[in-house]
Amino acid sequence: MTTATAAPEIRKAGFFTEHLETADAEVFAAIRGELKRQQTKIELIASENITSLAVLEATGSVFTNKYAEGYPGKRYYGGCEYADVVENLAIERAKKLFGCNFANVQPNSGSQMNQAVFLALLQPGDSFMGLDLNSGGHLTHGSPVNMSGKWFKPIPYGVRADDHLIDMDEVARLARENKPKLIIAGGTAYSRVWDFKRFREIADEVGAWLLVDMSHFSGLVAGGAHPSPFPHAHVVTSTTHKSLRGPRSGIILTNDEDLAKKFNMAVFPGMQGGPLVHVIAAKAVAFGEALRPEFKAYAAQIVANARALAEAVKDAGLSVVSGGTDNHLMLVDLSAKDVTGKAAEKGLDRAWLTCNKNGVPFDKRSPFVTSGIRLGTPAGTTRGFREEEFRKIGALIGEVVDGLARNGEEGDGQVEQRVRDRVAELCAQFPIYPEL
């Protein structure tokens, strides 16, 4: 038997030519369903966005097949010449985009990028400070259920009860009392600008490293719509899929060569083996997009849209935590309406408005129920929505929440149908992926 005749026995006919629709109808149907969901519903989850077709193509490229342990020019595998090309492109574009000297583009996720920083700078049991989860922090900033809270000693700081802003006096007091090795500025549900300069002053006073996790607002930094954490931060981390509008992944940035070497060692071989080269290629594409002039307009529009949405939500009788927003997101406190975040998330989803339930500062409800929802504008802005559209969306959110307040978790079906019709009109006016 020849190799040619044996081939069908080791792979099915059409292995290199058959498209997903015929190769696996079940997975294909799920992907088509997700495409339709994204096309017909308005995405308001602050941590989600809509990538370009080019980013999707790079993510689904033949780099999926390639193993590339190590770094460009120093790989443990052969055949990495094109992997080196895309990784070097991603590195150089990230450095230019954020105005820093060193970039590691290999972290597979936001959690892994932050874990790599911990591995590079801390020893198990060392203390560090991060924004409390209940005040808008992230799991990797010291939550007791996360590795960061299990292997290290977290010292949480929070927001003030009266205005829901970070209490910098409390940050300074806690730092002086506990002498942490690391202080983290950044969060997942904080709508105001961070005082990077003050954080660095506090870090210097107690001899701590300053990490800025700008995962949520890095796209705004790239577009000049938010202050940069440089030169204040020793190290900056960011996911690449939120306001930066790239694939789901992470990066580590610094201006310090010695720290850069530590972070490289912490990512590989410390935390990861072979990087996801197809995702690195997509990061390079996204960074290239963010370097274009239109991205500055995009970033500015995200903030303008968020402010318009916050005002519209308030006009609809809802409360916005801290009174508004300086970035792309806001927390809406539903306590006065006696509506839970869980009920609002489900009701809004029935109305084709996708958001997530979220705890609000000093929330008395559990994280599985919550008293609030988190709203964001990056995905809608990518569609092409401007202030007018987001003012309409804010009013629609108010209508759905009022229906829940009247009727309980089942909501008002007639209102939700009317809102669905309005959402369908908006999505038809601003379509996405028309050729998919």
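Each position is counted from 1, following the chain as shown.
Keep in mind that glycine also has a Cβ here, set from the backbone N, Cα and C atoms.
According to Swiss-Prot:
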type	residues	note
BINDING	Leu133, Gly137, His138, Leu139, Ser366, Pro367, Phe368	(6S)-5,6,7,8-tetrahydrofolate binding site
MOD_RES	Lys242	N6-(pyridoxal phosphate)lysine
SITE	His241	site 'Plays an important role in substrate specificity'
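For the binding-site residues Leu133, Leu139, counting C-beta atoms within 10 A of each C-beta gives the highest total at Leu133. When the Cα positions of Leu133, Gly137, His138, Leu139, Ser366, Pro367, Phe368 are compared pair by pair, the longest gap among these (6S)-5,6,7,8-tetrahydrofolate-binding residues is 16 Å. The CA atom of Pro367 ((6S)-5,6,7,8-tetrahydrofolate binding site) is located 22 Å away from the CA atom of Lys242 (N6-(pyridoxal phosphate)lysine).
Under the three-state DSSP scheme, Leu133 ((6S)-5,6,7,8-tetrahydrofolate binding site) falls in the helix class. Cα of Gly137 ((6S)-5,6,7,8-tetrahydrofolate binding site) to Cα of His241 (site 'Plays an important role in substrate specificity'): a span of 18 Å. A separation of roughly 25 Å, to the nearest angstrom, links the Cα atoms of Phe368 ((6S)-5,6,7,8-tetrahydrofolate binding site) and His241 (site 'Plays an important role in substrate specificity').
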